[in-house]
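Asks: Below: one structure in structure tokens.
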Amino acid sequence: MRTEYCGQLRLSHVGQQVTLCGWVNRRRDLGSLIFIDMRDREGIVQVFFDPDRADALKLASELRNEFCIQVTGTVRARDEKNINRDMATGEIEVLASSLTIINRADVLPLDSNHVNTEEARLKYRYLDLRRPEMAQRLKTRAKITSLVRRFMDDHGFLDIETPMLTKATPEGARDYLVPSRVHKGKFYALPQSPQLFKQLLMMSGFDRYYQIVKCFRDEDLRADRQPEFTQIDVETSFMTAPQVREVMEALVRHLWLEVKGVDLGDFPVMTFAEAERRYGSDKPDLRNPMELTDVADLLKSVEFAVFAGPANDPKGRVAALRVPGGASLTRKQIDEYGNFVKIYGAKGLAYIKVNERAKGLEGINSPVAKFLSAEIIEAILDRTAAQDGDMIFFGADNKKIVADGMGALLLKVGKDLGLTDESKWAPLWVIDFPMFEDDGEGGLTAMHHPFTSPKDMTAAELKAAPENAVANAYDMVINGYEVGGGSVRIHNGDMQQTVFGILGINEEEQREKFGFLLDALKYGTPPHAGLAFGLDRLTMLLTGTDNIRDVIAFPKTTAAACLMTEAPSFANPTALAELSIQVVKKAENN
């Protein structure tokens, strides 16, 4: 039906007869001439109808936005004065000789001249996806997956599929369950990741595996989360953690070079402890020049409990954040930042405004200065490298509250004051995570997943001091987003059972849930390691959007609903009966 795409016509096509198929993006009726902007997935081209082709001109008068049409015509160069430098096709236009209206369009529920609500965009997603910016995002996503496949193939990886209907395993979120009609009362689980299957593939001898795969997690959503998402899943045998990172870093550098024309360079490596200390986060945004500075040792003897308490508590922390030029902040802005850190459990936000250092105490403005000696204030200013015009904020509490609150404040202030360089790309690896974290109930939970190997520890050493264990794990972070994470896996049965025991999984439960894995570990399991990238998040970064729904063709809302199809929906009673399922309604509160 077509010979060319609208958006691909150039001066090289001048004089050629072409047939185009697409949609009316806009129509301009000048009486004797009618111009339309005709659009397809590749872009927009101007088509015009003149009186010499009376039939086509007459039919063109009926055109409205989003009519689906076919046009045959001749490509012509535009006059110099009519060239549109803002359009890729702006140097040419098509003189139509024939027009076919393939399908007419009703009055549109989306308005191209206004910003539509996200609810409307999701309900009429098939119309929203016609917009050039949305089409470009999905084209970029397709390019990314193509580049990934070629790269992985070139590096000896095998694309192997793993099951969608599998067994529920604890991976940190709730599973989506699928009832079995054949096995009454039993359920499959949709995979949160192919984690165990890819490890089993390593045990099967397929030493380089990858898959671009759907995963499912029934969890509360955020702007960068979806109940179903896509991973670039990778696993290797006989490779160390640095070797895995080297290959995966090369993949990501390849993507940025091909999609953005940007060489990311070598990725710096930072330990979890350093990231938390300097940035209050295991996902630091290195585009932001600010860092946290520990000052607890300077404040242990002050007569100000807000500082002295955490400074003398082994579980406490006092951190300072120097904001260049921050002395210009108003009291209202400072109060807003104080309320902001309270979201993370902080009690407030102390500060020192540095107006003129040379004047000593008279050159600063601070509600806490009266509790501090001139020597201590000078020491704080020296340690933070404060200059005239700067602001110093303080966080004082337990380590987690300080890290969470001050880390979030660092990001917010950096964005608010334009200190974060939005034009840069700042990738890094974060390594050496704690293997376990407190579950809040006196036990431990795996910081990554229970199949991650500890670093330089035997099973006996791990059992004796699990709180000291460092995971042989690594995350890739770009501009403050975790885009991928992985680890060296446990390849020894005793170590795996030790980890299960630390996590409170008794031997009976181990056999019930992971018997197949424990059995497989008995038969010459190779050392193996892997990683998974979030394709949706990678695409989000590469297309410059801050909403992951913009890079998924048919996403869910934050309530995990599809507004277009109205999923989820009630099941047919007959289907439920066949599955031996009865829906129990919750009693309403009186």
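Numbering starts at 1 and runs along the chain as displayed.
Quick reminder: no glycine exception, Cβ is built from N, Cα and C everywhere.
Reproduced below are the annotations present in Swiss-Prot:
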BINDING   GLU171, ARG217, HIS448, ARG489  L-aspartate binding site
REGION    195-198  region 'Aspartate'
BINDING   ARG217, ASP218, GLU219, GLN226, GLU482, GLY534, LEU535, ASP536, ARG537  ATP binding site
Asks: Could you tell me what the rest of the chain brings near the region 'Aspartate' (195-198), counting residues at least six beyond its ends with Cβ under 8 Å?
Replies: 162-163, 166, 169, 171, 209, 211, 233, 235, 449, 451, 514, 517, 530
Asks: Counting Cβ atoms within 10 Å of each candidate's own Cβ, which of the binding-site residues HIS448, ARG489, ARG537 comes out highest?
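Replies: Selected residue: ARG489.
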Asks: For GLU219 (ATP binding site), just count the other CB atoms lying within 10 A of its CB, please.
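Replies: Around GLU219 (ATP binding site), other Cβ atoms within 10 Å: 14.
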Asks: I want to verify one value. Collapsing DSSP to three states, which class is HIS448 (L-aspartate binding site)?
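Replies: SS state of HIS448 (L-aspartate binding site) = coil.
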Asks: Summarise the region 'Aspartate' (195-198) as counts of helix, strand and coil residues per DSSP.
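Replies: Taking the region 'Aspartate' (195-198) as a whole: 4 helix, 0 strand, 0 coil.
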Asks: Considering every residue in the region 'Aspartate' (195-198), what is the mean pLDDT value?
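Replies: Across the region 'Aspartate' (195-198), the average pLDDT comes out at 97.
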Asks: Could you say which of the binding-site residues ARG217, GLU482, LEU535 has its Cβ with the most other Cβ atoms inside 10 Å?
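Replies: Comparing the binding-site residues ARG217, GLU482, LEU535, the most crowded Cβ belongs to LEU535.
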Asks: Going by Cα-Cα distance, pick out whichever of the binding-site residues ARG217, HIS448, ARG489 is nearest to LEU535 (ATP binding site).
Replies: ARG217
Asks: Using C-alpha atoms, which one of the binding-site residues ARG217, HIS448, ARG489 comes nearest to ARG537 (ATP binding site)?
Replies: ARG217
Asks: Taking the Cα atoms as reference points, how far is HIS448 (L-aspartate binding site) from GLU482 (ATP binding site) in Å?
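Replies: Cα to Cα, HIS448 (L-aspartate binding site) and GLU482 (ATP binding site) are separated by 13 Å.
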Asks: Widest Cα span across the ATP binders ARG217, ASP218, GLU219, GLN226, GLU482, GLY534, LEU535, ASP536, ARG537, in Å?
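Replies: Per the listed residues, the maximum Cα distance equals 20 Å.
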Asks: Specify the secondary structure state of ARG217 (L-aspartate binding site) as given by DSSP, simplified to three classes.
Replies: coil
Asks: Under a three-state reduction of DSSP output, how is ARG537 (ATP binding site) classified: helix, strand, or coil?
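Replies: Helix, per DSSP.
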